[in-house]
Amino acid sequence: MAPNPRKSHPLLKMVNNSLIDLPTPPNISAWWNFGSLLGICLATQIITGLLLAMHYTADTTLAFSSVAHTCRNVQYGWLIRNLHANGASFFFICIYLHIGRGFYYGSYLYKETWNTGVILLLTLMATAFVGYVLPWGQMSFWGATVITNLFSAIPYIGQTLVEWAWGGFSVDNPTLTRFFALHFLLPFLIAGLTLIHLTFLHESGSNNPLGVVSNCDKIPFHPYFSTKDLLGFIIMLTPLLTLALFSPNLLGDPENFTPANPLVTPPHIKPEWYFLFAYAILRSIPNKLGGVLALAASVLILFLCPFLHKSKQRTMTFRPLSQILFWVLVANLLILTWVGSQPVEHPFIIIGQLASLTYFTILLILFPLIGALENKMLNY
């Protein structure tokens, strides 16, 4: 009998072991779809981004008009741009839901997979930030100025670091050029990190909603989950296309329709919606260095999740107290997102400060406490 090239060819067998014959727990729910959805998002962003880069000019005098030219004069340029801009939003929706799933079902106990995932999140945030600067509108320019300026809070080397990042004494042409270079490079770094993420995942196999070992009961990925993922793609791509075609500027800032002007500061500088929770935490601390540290901690705290797990059960499926706390955390993040979009005045300042305090308290203190309490209640 001739060997099956799918199982013997050096390249095909890697694809086979990852996407076709991969042993998968039979009971994983739709919450396990987001990994493949993120892969689709990445592919879409790289393709649309490449097409946009062909028509973009990384120069302060031409960047804004080159984007306008793409939308007006390039065949389907408007569609490519709208898909790319809104695709970023869907990328973040998927990654936040993916992280939420991992947190709820204790997937962070696969430490290597979790840590590479957090690094992926940080890289994605960096990519989105430098990408937002490229159209060179008002919010692009001032967003770049404000966020890069935060590095000046680092003692001793801060100011030097900022000027080195800017390539001068303010955000200008060198800044735009290097941001374009970074925005082109980082998605490929994300693709590489994704392969590492998957390598670690396939070492241990997928988790499942019960959090129990399912080695005795696995089924092949194809056709069962390839079909299920296909449904997920359709469910995600439908709202993406709807948004890109019917209301492409819904999530954008109107300020970005004005070309960048260093002499006029917008009344309210704020990032895209997916960074608002972190921006709210940054603003809630009246000290610059303290704010920067809180901003960094708001994301880096994810690295601590495996060490803060005190429960004897892996998932929250059968832990009602932890479930309540989890949904309080979700609500808290939504409040932070809303506060981040509001002006810095009463009552938003105090709401932001309370929500920031609650965020760290839930993650660092309440989750471990509740986990230990549930162990006690169950006589573990």
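Yeah, the Cβs are placed from backbone N, Cα and C, and that goes for glycine too.
Keep in mind the model is a prediction, meaning the values are calculated, not measured.
Taken from Swiss-Prot as is:
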type	residues	note
TRANSMEM	34-54	transmembrane segment
TRANSMEM	78-99	transmembrane segment
BINDING	HIS84, HIS183	heme b b562 binding site
BINDING	HIS98, HIS197	heme b b566 binding site
TRANSMEM	114-134	transmembrane segment
TRANSMEM	179-199	transmembrane segment
BINDING	HIS202	ubiquinone binding site
TRANSMEM	227-247	transmembrane segment
TRANSMEM	289-309	transmembrane segment
TRANSMEM	321-341	transmembrane segment
TRANSMEM	348-368	transmembrane segment
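All features noted in Swiss-Prot, drawn onto the structure.
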residue	record	DSSP (3 states)
HIS84	heme b b562 binding site	helix
HIS98	heme b b566 binding site	helix
HIS183	heme b b562 binding site	helix
HIS197	heme b b566 binding site	helix
HIS202	ubiquinone binding site	helix
Original post:
Taking residues 6+ outside the transmembrane segment (34-54), which of them lie with a CB under 8 Å of any CB in it?
Top reply: 70, 80-81, 83-84, 87-88, 90-91, 94-95, 97-98, 101, 183-184, 187-188, 190-191, 194, 229, 232-233, 236-237
Subject >> Positions on the same chain near the transmembrane segment (289-309), where near means CB under 8 A and six or more residues out >> reply: 99, 103, 106, 108-109, 111, 114-115, 118, 121-122, 125, 150-151, 153-155, 277-279, 281-283, 356, 359-360, 363-364, 367-368, 371
Original post:
What's the CA-CA gap between HIS98 (heme b b566 binding site) and HIS202 (ubiquinone binding site) in angstrom, rounded?
Top reply: 17
Original post:
Can you name the far-off residues of the same chain, 6+ from the ends of the transmembrane segment (348-368), with a Cβ under 8 Å from a Cβ of it?
Top reply: 280-281, 283-285, 294, 297-298, 301, 304, 308-310, 322, 325, 328-329, 332-333, 335-336, 339-340, 342
Original post:
Short question: which residues 6 or more past the ends of the transmembrane segment (227-247) have a Cβ under 8 Å from it?
Top reply: 30, 33-34, 36-37, 40-41, 79, 82-83, 86-87, 89-90, 94
**OP:** Would you mind checking how many other C-beta atoms are within 10 angstroms of the C-beta on HIS202 (ubiquinone binding site)?
**Re:** 14
Subject >> Tertiary contacts of the transmembrane segment (114-134), as residues 6+ beyond its ends and Cβ separation under 8 Å >> reply: 56, 58, 63, 67, 88, 91-92, 95, 98-99, 102, 107-108, 140-141, 143-144, 147, 175-176, 179-180, 182-183, 186-187, 189-190, 193-194, 196-197, 200, 271-272, 274-275, 299-300, 302-303, 305-306
Subject >> Contacting positions for the transmembrane segment (179-199) when only residues 6+ beyond its ends and CB under 8 Å are counted >> reply: 18, 38-39, 42, 45-46, 49, 53, 56, 58, 113, 116-117, 119-120, 123-124, 126-127, 130-131, 133-134, 144
Original post:
Non-local Cβ contacts of HIS84 (heme b b562 binding site) (under 8 Å, 6 or more apart, same chain)?
Top reply: GLN45, THR48, GLY49, LEU52
Original post:
At the level of the C-alpha atoms, what whole-angstrom distance separates HIS183 (heme b b562 binding site) and HIS197 (heme b b566 binding site)?
Top reply: 21
**OP:** Within 10 Å of the Cβ of HIS197 (heme b b566 binding site), how many other Cβ atoms can you find? Include all protein chains, please.
**Re:** 21
